[in-house]
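Undergrad: First the structure, then my questions, so here it is.
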Amino acid sequence: MKIIFAGTPEFAATALAALLKTSHEIIAVYTQPDRKAGRGQKLTPSPVKQLVLEYNIPVYQPLHFKASTEEGLAAQQELAALGADVMVVAAYGLILPQAVLDTPKYGCLNIHGSLLPRWRGAAPIQRAIATGDDETGITIMQMAAGLDTGDMMYKTYCPITSEDTSATLHDKLAAQGATAICAVLESEETLQKYLAEREVQDESLTVYAHKLVKSEARIDWSMNAVQVDRNIRAFNPWPVAFIQLDENNALRVWYSTISNQNKADAKAGEIIAIDKQGVHVACGENTFICLTSVQWPGGKALNAQQIAQTQKLHVGQILP
């Protein structure tokens, strides 16, 4: 089949890499425009574009597909002229109007990082961890105009462990997504079968995974330790959980575990011990967490042993 692929970050690049190994013809790749990145603020292509530059495949980077503008209408016409059988979309980042969704012979298929209709939206991996879900997965759906509202065609399941961060879970789901889309597109007959058997989402089960904002990564010591630990894992690698030491300085917290220490009358945010395991801090409901990797401004991430050696934190200190 002739496939258009649309995606931007590593999650999408993993799926594209798998599709490139199949007998299908990737006739075009759509990705977000190059963005400034890094300390030098150099224009940097997306992971999807970086991958596809090794192949002789045309890359398109429209700003949008809005038919109300000349450039948007031109982008729609350009895509239609490609004559694709199907378009695969994974974390593309642009809204696709119905005219685009209807263009390929079999429409547009989306690789979504949750078990829909739970966690529609921008941050399904992070929200699943922060909420304490014990399972997530991949849904392949036929796209509709609404946000992740399309009919479901295929699902895979992935347990969420107590050690999973958004980084580790992302990589597991990226691999599952790649396998899933290749299974759905094994042949034209297979695709027709999954399209015929597709399932409408139950709107009553919908939960939205709202976009992350940096401010919510600030640690709230009044929460119990289990919730603090979930948030630390959910916000790794971005925006990274932090302790606001003062107006200008934040201590980033990369990793934690539930503490085996306790203190009867500890205040929320109080450091009750510092040892080879890490920094033990009191949380809400008389629970305790152990911070095992932290990073001071301008420094690198430190492990438990290095934290103790800095002597920047002390027992009895109340963290804000």
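Glycine is no exception: its Cβ is also placed from the backbone N, Cα and C atoms.
Features from Swiss-Prot:
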- SER114, LEU115, LEU116, PRO117: (6S)-5,6,7,8-tetrahydrofolate binding site (BINDING)
Undergrad: Give me the sequence-ordered set of same-chain residues, not including SER114, LEU115, LEU116, PRO117, with a C-beta within 8 angstroms of the centroid of the (6S)-5,6,7,8-tetrahydrofolate site's C-beta atoms.
TA: HIS112, ARG118, TRP119, ARG120, PRO124, GLY137, THR139, ASP148, MET152, GLN201
Undergrad: Going by DSSP, give the three-state secondary structure for LEU116 ((6S)-5,6,7,8-tetrahydrofolate binding site).
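TA: The three-state answer is coil.
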Undergrad: Out of LEU115, LEU116, which of the binding-site residues has the smallest number of neighbouring Cβ atoms within 10 Å?
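TA: Comparing Cβ neighbour counts within 10 Å for the binding-site residues LEU115, LEU116 gives LEU115.
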Undergrad: Sequence gap of 6 or more, C-beta under 8 Å: which same-chain residues meet both conditions with respect to PRO117 ((6S)-5,6,7,8-tetrahydrofolate binding site)?
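TA: Counting only residues 6 or more apart in sequence, the Cβ neighbours of PRO117 ((6S)-5,6,7,8-tetrahydrofolate binding site) under 8 Å are ASP148, GLN201, ASP202, GLU203, LEU205, THR206, VAL207.
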Undergrad: I'd like the Cβ neighbour count for SER114 ((6S)-5,6,7,8-tetrahydrofolate binding site), meaning other Cβ atoms within 10 Å of its Cβ, all protein chains included.
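TA: Other Cβ atoms found within 10 Å: 25.
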